[in-house]
Amino acid sequence: MARKKIALVGAGQIGGTLALLAGQKELGDIVLLDIPDAEGVAKGKALDIAEASPVEGFDAGYTGTSNYADLAGADVVIVTAGVPRKPGMSRDDLVGINAKIIKAVGEGIRTHAPNAFVIVITNPLDAMVGLMQQVTGFDPAKVVGMAGVLDSARFRWFLAEEFKVSVEDVTAFVLGGHGDTMVPSVRYSTVAGIPLPDLVKMGWTTQEKLDSIVQRTRDGGAEIVGLLKTGSAFYAPAASAIAMAESYLKDKKRVMPCAARLTGQYGVDGLYIGVPVVIGSGGVEKIVEIELNAEEKAMFDKSVAAVKTLVEVTAKVAG
Ligand code: A3D
């Protein structure tokens, strides 16, 4: 069986980490693409990781390029092209620059990788993945945004630290847009199946501590930006997108929170927003509609309103 092909558009911090992780997991051959000015970075990272493969013991082909023709036959394209945040910036401040970049990248993908499953990471996420679907004209099941896996991974890690249990036994759900209005769902997050409200009752933690963990999750991206000062998180975002790519390539049908285009679910139509989905060889095979209580619904609706505003700004910028 021929190897799968994974194209990474954007060879920056996340792109390089994606390239390493995809190789280590032997997901397929990897193409790193960047703008002509940064072609050396794409080529350099490709060669550097290829040279690590004999030590790490994995087989994967690596190509660095600035030529979209090299995307031909890609099974998965992961897009990080754009600029990241600096301290004091919100994700929404990036829309002016990144919308133009996503438009150009989308046109390249449409022409050269028409059968790919496209995972967008570029911020502001929900608006950029919507724009990518519009520009490519691909089936919305084949264009998805990575945010919820990362946000819920942060939530899981904070909870595992609080409870002093393995991260593996903590599941967490985060809904809504990837921004300050995201909705970490306490009721649907568990330790080995025990919902968080029950753990409060059992004395494992207090409501106050839980509230502060929820807030830390919402601010998780800004916390890293504040520490790094020169850019935003890249290890956990890359790991999250790789989990989505793996579920698609291996038809694992994992249930993951992703930005998907809703068609009436949660009372939303035609907008990309974070919800639980099933990812398999058909792409986004199912959108899972969980029941929200009045408080969660109000938070979700607020998040939807924020994403709608951003989509309007994006439409103006992208033309
Ligand atoms: P960075 O290290 O700057 O890499 C971005 C790369 O994109 C650079 O190498 C650029 O040269 C390249 N690029 C710019 N324009 C183009 C183009 N037209 N075609 C191809 N490549 C281009 O950033 P990063 O990797 O740290 O972050 C990338 C994006 O991911 C940013 O927009 C971040 O805000 C976003 N991000 C999203 C999340 C989510 O959870 C959604 C998390 C972390 C970062």
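Cβ coordinates come from backbone N, Cα and C, glycine included.
Unlike curated records, TrEMBL annotations are generated automatically.
Among ARG85, ARG110, only ARG85 appears in TrEMBL as part of the substrate site alongside ARG91, ASN123, ARG154. Binding of NAD(+) is attributed by TrEMBL to GLY10, ALA11, GLY12, GLN13, ILE14, GLY15, ASP34, ILE121, THR122, ASN123, and the same site annotation extends, among ASN98, ASN115, to ASN98. Mean pLDDT of the predicted structure over the domain 'Lactate/malate dehydrogenase C-terminal' (150-311): 96.
You'll find the Cα of ASP34 (NAD(+) binding site) roughly 19 Å from the Cα of ARG85 (substrate binding site).
Distance between Cα atoms for ILE121 (NAD(+) binding site) and ARG154 (substrate binding site): 16 Å, as a whole number.
All chains included, 24 other C-beta atoms sit within 10 angstroms of the C-beta of ARG154 (substrate binding site). Geometry remark: ARG91 (substrate binding site) versus ASN123 (NAD(+) binding site), CA distance 6 Å.
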